[in-house]
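S.K.: The structure that follows is given in the form of structure tokens.
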Amino acid sequence: MAYPFQLGLQDATSPIMEELTNFHDHTLMIVFLISSLVLYIISLMLTTKLTHTSTMDAQEVETIWTILPAVILILIALPSLRILYMMDEINNPVLTVKTMGHQWYWSYEYTDYKDLCFDSYMVPTNELKPGELRLLEVDNRVVLPMELPIRMLISSEDVLHSWAVPSLGLKTDAIPGRLNQATVTSNRPGLFYGQCSEICGSNHSFMPIVLEMVPLKHFENWSTSMI
């Protein structure tokens, strides 16, 4: 859950988000070291007069500044590719949920259950109950079982949308005429908030997403009551 004046990432709630957080820290350290080196060299150039204006050829230096960046890029690319394939693959999902973006709300269909589908609209500010979050609450939450792999099929009925829940490491475009896939796995129960992350019109800011992750037994009771 985000909090005011937050500068870092939200707490990781899924294995994918944990990997993304680690990759962020790994890449940020490389960027920090390179930036420090560049600033150090610039400061030396500005504060000293030790220059080589007559140097026309330096093959050793050119070799170093060609090979070293290539090695650094490999160190960044390999972990990135690993996470990319982890996000793409899903084996034996226990549940499939189809998500459709509309102007300006989301609709959900639990394809493993007959007639279990609903629309999810933002709760207006004047209808909020004490403790609820402005611009983030919805009238129908997406209830899912925790600690189990769930497949989300995401598309759109009209314009481009993007289904995003930061604490779960999820952000998938909703494209008309195309089904995109995302994997949802939560390590713990709770409410996880997201929003449409693709500008889709005048009410783009009023398309919140709320996932309620619960134990499997509670999910079965909820699904039975909804059918």
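Quick reminder: no glycine exception, Cβ is built from N, Cα and C everywhere.
Quantities reported herein were computed from a predicted structural model and do not represent experimental measurements.
Pulled the feature table from Swiss-Prot, pasting it below:
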TOPO_DOM  1-14  topological domain 'Mitochondrial intermembrane'
TRANSMEM  15-45  transmembrane segment
TOPO_DOM  46-59  topological domain 'Mitochondrial matrix'
TRANSMEM  60-87  transmembrane segment
TOPO_DOM  88-227  topological domain 'Mitochondrial intermembrane'
BINDING   His161, Cys196, Cys200, Met207  Cu cation A1 binding site
BINDING   Cys196, Glu198, Cys200, His204  Cu cation A2 binding site
BINDING   Glu198  Mg(2+) binding site
S.K.: For the recorded Cu cation A1 site, whose residues are His161, Cys196, Cys200, Met207, find every other residue on that chain with a C-beta no more than 8 angstroms from the centre of their C-beta atoms, and list them by sequence position.
M.R.: Gly101, Gln103, Trp104, Trp106, Ser162, Ala174, Gln195, Ser197, Glu198, Gly201, His204
S.K.: Rounded to the nearest angstrom, how far is the Cα of Glu198 (Cu cation A2 binding site) from the Cα of Met207 (Cu cation A1 binding site)?
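M.R.: Roughly 10 Å, rounded to the nearest whole number.
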S.K.: Between His161 (Cu cation A1 binding site) and Glu198 (Cu cation A2 binding site), what C-alpha distance do you get in Å?
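M.R.: Taking the Cα atoms only, His161 (Cu cation A1 binding site) lies 5 Å from Glu198 (Cu cation A2 binding site).
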S.K.: Within 8 Å of the Cβ centroid of the Cu cation A2 site residues Cys196, Glu198, Cys200, His204, which other residues of the same chain have their Cβ?
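M.R.: Other same-chain residues near the Cu cation A2 site: Gly101, Trp104, Val159, Leu160, His161, Ser162, Ser197, Ile199, Gly201, Met207.
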S.K.: Could you round the CA separation between Cys196 (Cu cation A1 binding site) and His204 (Cu cation A2 binding site) to a whole angstrom and send it over?
M.R.: 7
S.K.: Counting only residues 6+ away from its ends, which parts of the chain sit with a Cβ under 8 Å from the topological domain 'Mitochondrial intermembrane' (1-14)?
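M.R.: Contacts with the topological domain 'Mitochondrial intermembrane' (1-14): 20-21, 24, 166-170, 184-188, 190-193, 213.
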S.K.: Just to be sure I understand the packing, how many Cβ atoms besides its own are within 10 Å of the Cβ of Met207 (Cu cation A1 binding site)?
M.R.: 27
S.K.: Counting across all protein chains shown, how many other Cβ atoms sit within 10 Å of the Cβ of His204 (Cu cation A2 binding site)?
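M.R.: Excluding its own Cβ, His204 (Cu cation A2 binding site) sees 17 Cβ atoms within 10 Å.
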S.K.: Among the binding-site residues Cys196, Cys200, whose Cβ has the fewest other Cβ atoms within 10 Å?
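M.R.: Counting other Cβ atoms within 10 Å of each of the binding-site residues Cys196, Cys200, the minimum falls on Cys200.
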S.K.: Take the Cβ of Glu198 (Cu cation A2 binding site) and count every other Cβ within 10 Å, whichever protein chain it belongs to.
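M.R.: Excluding its own Cβ, Glu198 (Cu cation A2 binding site) sees 18 Cβ atoms within 10 Å.
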S.K.: What are the DSSP helix/strand/coil residue counts across the topological domain 'Mitochondrial intermembrane' (88-227)?
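M.R.: With helix first, then strand, then coil, the topological domain 'Mitochondrial intermembrane' (88-227) has 21 helix, 61 strand, 58 coil.
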